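Taken from TrEMBL as is:
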type     : residues : note
TRANSMEM : 61-86    : transmembrane segment
TRANSMEM : 93-112   : transmembrane segment
TRANSMEM : 141-164  : transmembrane segment
TRANSMEM : 185-204  : transmembrane segment
TRANSMEM : 210-236  : transmembrane segment
TRANSMEM : 330-349  : transmembrane segment
TRANSMEM : 369-390  : transmembrane segment
TRANSMEM : 411-428  : transmembrane segment
TRANSMEM : 448-469  : transmembrane segment
TRANSMEM : 489-509  : transmembrane segment
TRANSMEM : 535-553  : transmembrane segment
Amino acid sequence: MENPSDEKDMVKEPLLDTYKTKGGFKTLPFIIANEAFEGVASFGLRPNMILYLTREFGMQIASAANVLFLWSAATNFMPILGAYLADSYVGRYRMIGFGSIVSLMGMVLLWLTTLNSQAKISCSQSSSSCNFSTAFKLLHLYSSFGLMAIGAGGLRSSSLAFGADQLDKRDNIRNAAMLESFFSWYYVSKTASALIAVTFIVYVQDKMGWMVGFGIPALLMSLSVLSFFLASPFYVKLKSDSSLLTGFTQVLVASYKNRRMRLPSQATPEMYHHINGSMLLLPSEKLRFLNKACIIKNPLQDLSPDGRATDPWSLCTVNQVEELKALIRVIPLWSAGIMMSVTISQNSFPVLQAASMDRHITPYFEIPAGSFSVFLVITITLWITLYDRIVLPLASKIRGKPCRLNEKKRMGIGLFFSCMSMAAMAVAESVRRELAIEEGFSDDPKAVVSMSAMWLLPHYIFSGLGEAFNAIAQNEFYYSQLPKSMSSIATTLFGLGMSVASLVASFILSTVDNVTKKGGESWVSSNINKAHYDYYFWLLTGLCSANLMYFLFCSKAYGPCEGERSRVLDEEDG
């Protein structure tokens, strides 16, 4: 890893000189390869994990799903913690390196669970008294999940921002185009990784067993670590800034201390404390009560000779205040995206549905149950390509001026498609369950009904469209609305929403299980032919619909985005 003194000297150099020797496009293949190998490895483990836990560890479906929800919650929460540590303390290079190594350790530990033959427990899913693994074996399994979650926090929190650091030269007129190109290739690599994972890796797990199926991801993760460290001498390694969390806390404390102070009716830059050389001299009018944190009451007492605050817990800078405001303003719209992520986190249940349906596409080949998510990935890829290359250019040509849907509109459309995906899954499950009962499979959840698994395609297509619209728009929205100093946090807010969504999904599932089993068979019991997963999916559809109404309210309250305000002003000037 880099020498701290070298990193400090590098930051002091003019930015242009630094980029002449380090960074640039030559470093991007290594960063993208690191993320791509990690993506294939991690995505390849998830689709069939519900089958591994129920068949090899003897867990009930609801218990296994809750384990996966909690793993997903940890995996998606750790990047926000990693982003905070990277931005505030250790830097992005160290954070990615740490995350890559810990992820590799977790995958190796998971692979070792397949070597212990005693871990495979005979269990009848139709029986309520399954043999469970010993506490030690479960600790082994959960430790691997924990290490992979911690590793994901280090790697995913900083990869996108670290790649942007290699190109972000504000004095270059091609800066925006270079960053756009990098973001495009980054998302292409993520999509390609998911595509390979849900086809090749899942197929190997089905045909060659868990030992080989989990061994390949561990091998790919080792290539990911090697790829990242190979280009270490050529990276731009920006020094971490002061703690953002501490800054946010200081603003809240200073605002409370100065709560009795009256805000000036006509503000001037001299009244507020700001960083020397900052372009931000006055705080905005939104959330005005926070402006009290940066008002200078007595320059002789409040400021030191070098212009810094003598007590940063009583006087903050305008930049600190505006950073906290920007974060607070996006929280309502961020919260509206949680339900979208709840629907995404239901990906274990379609695997169970597909496993009980006819998956043959030819008499000699059937699609693995865990590989059906490939249709989701294909939908995302096709729509992004069509939207960028055909829909937008055609709409712009028809209107005679550049045409695009803003981030909030795309987020709303994505939420609508997520509602449709749950409704489609409910319809498919209702038909599948009725057919299973008609064919006499009520007590045999492993039986395959005479119904094509292609009934699940509408769910995957709607889900893919929902992600293509909402997930990408959310990331663009956070990155554009939050200050540059919060870039790592901006790129991980969607992951934080996924983390909260996994906890919400676990709560919903547990509540449904506990409430419905009092009247007999639980809606989400391990016998999917007696359970009522269709009712469960309809419940999620209703919650998604209510959430869409909540989003429309939050969107209207937020007002126009920063870029939209600029375009409106330019049009008025024109």
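All positions are counted from 1 along the displayed chain.
For all residues, glycine too, the Cβ spot is worked out from N, Cα and C.
Please treat TrEMBL annotations as automatic predictions, because they have not gone through curation.
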Open item on the list: At a threshold of under 8 Å on Cβ distances, which of 330-349, 369-390, 489-509 pairs most often with the transmembrane segment (411-428)?
Closed with: 330-349
Task: Within-chain partners of the transmembrane segment (61-86) [C-beta distance under 8 Å, separation at least 6 from its ends] - done: 46, 49-50, 53-54, 92, 94-95, 99, 125, 145-146, 148-150, 152-158, 161, 240, 243-245, 345, 348-349, 352, 488-489, 491-493, 495-503, 505-506, 509-510, 513, 522, 524-526, 528
- [ ] Could you name the stretch, out of 93-112, 185-204, 330-349, 489-509, with the greatest number of CB pairs under 8 A to the transmembrane segment (369-390)?
- [x] 185-204
Open item on the list: Which residues of the chain, 6 or more past the ends of the transmembrane segment (448-469), have a CB below 8 A from one of its CBs?
Closed with: 340, 343-344, 350, 353-354, 356-359, 367, 369, 372-373, 375-380, 383-384, 387, 410-411, 413-418, 420-422, 424-425, 428, 431-432, 435-436, 439, 441
TODO: With Cβ distances under 8 Å as the criterion, find the stretch in 93-112, 210-236, 330-349, 489-509 that has the most pairs with the transmembrane segment (141-164).
DONE: 93-112
Task: Stretch with greatest number of CB pairs under 8 Å, the transmembrane segment (489-509) reference, 93-112, 185-204, 210-236, 330-349 candidates - done: 330-349
Task: the transmembrane segment (185-204) in contact with the transmembrane segment (210-236), cutoff 8 A, at least 3 CB pairs, sep 6+ - done: yes
Task: Other parts of the chain folded back onto the transmembrane segment (210-236), taken as Cβ under 8 Å at six or more residues beyond its ends - done: 1-2, 10, 18-19, 22-23, 26-27, 30-31, 33-38, 40-42, 44-45, 48, 52, 56, 93, 96-97, 100-101, 103-104, 107-108, 110-111, 113-115, 162, 165-166, 201-202, 204
